[in-house]
Amino acid sequence: MMESGEALLKKLDGRLSGLRGRLTPDTGMDKITWFRAGGPAQVLFQPSDEEDLSAFLKAVPEEIPLLVVGIGSNLLVRDGGVPGFVVRLSAKGFGEVEQVCDTQLRAGAAAPDKRVAAAALEAGLAGFHFYHGIPGGIGGALRMNAGANGVETRERVVEVRALDRKGEVHVLSNADMGYAYRHSSASPDLIFTSVLFEGVPGERDDIRRAMDEVQHHRETVQPVREKTGGSTFKNSEGTSAWKEIDKAGCRGLRVGGAQMSEMHCNFMINTGNATGHDLETLGETVRARVFENSGIRLHWEIKRLGLFREGEQIEEFLGKIV
């Protein structure tokens, strides 16, 4: 069991006094994640801007755990909470999107994907329509190479600006990001703060039409009005995760307040009172049943983080829990 956030802040008394951002101890992560479930952050820090974030990183000893989140769209937080500091980049300091030349946009890491799509439309830049259908933020899109409708983030990235654990600035090229399917090999210790994107000049009517098609498809096949973290598992080579989940009889499967959506069975939803334990147990149950049915190992696309409550544990799949 972790100590209180107040106790952690007391240990660092004086180190953080010059920060302009907001420090909040013992903040429920259920308030900032789309699943609306999970335990508290020991301390939540919302920096004012990149300079404030750098000062924070320089002040906090490296042995204290630190986790960065964006808008919380693909996070599953365990019920025991998240020890150390959770850094949440705010829209005010990290959410701007601006056109910097004829074909380029610069976006803050806290900008919603949809805002980038809208800015690209306004600038007459094609190649960003897929962001209109991704329920997340740019920082997460950079970290996991988010994609949809056959397009991926890596196709648009020129360079990424980041801070390391010591608060120093790094600029990473597209190659430095080490992109693969739903993955970047950039150091997990780097905190992305902004990105320079490259688009292709296009007709606004064509771009708007492509965005409308993305939105229509999403609303038709995905549970957009539910408390969900988006796609639960990555697609496996040669097949889609939802097909394997469906074949294993897991469409609509429930554990406590968690359910695999009837509309799209690769979407896990909180039906109202799910705990983090419910959600993760459901996911591992699905993985086990899919493996038993087809021999395919599904890999989580949703990021799981935090501590289990005392006495709780979840076995990894491979038939151990079913």
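Including glycine, each Cβ sits where the backbone N, Cα and C put it.
Note that the structure is predicted; figures quoted are calculated from it, not measured.
Across the domain 'FAD-binding PCMH-type' (36-202), the model assigns an average pLDDT of 95. Annotation comment: Swiss-Prot describes 36-202 as domain 'FAD-binding PCMH-type', evidence class sequence analysis.
Reduced to three states, the DSSP call for Arg182 (active site) is coil. Look at Swiss-Prot and you will find Arg182 (among others) tagged as active site.
Among the features that Swiss-Prot reports, active site, proton donor is placed at Ser231, with the record citing sequence analysis. Annotation note: Ser231 (active site, proton donor) sits in a strand segment as assigned by DSSP. Counting only residues at least six positions away in the same chain, the Cβ atoms of Ala241, Asn266, Phe267, Glu301, Ile302 sit under 8 Å from the Cβ of Ser231 (active site, proton donor).
Look at Swiss-Prot and you will find Glu301 (among others) tagged as active site. Of all Cβ atoms in the protein chains displayed, 18 besides its own lie within 10 Å of the Cβ of Glu301 (active site).
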Long-range Cβ environment of Arg182 (active site), under 8 Å and at least 6 residues apart: Met144, Asn145, Ala146, Gly147, Lys234, Glu301
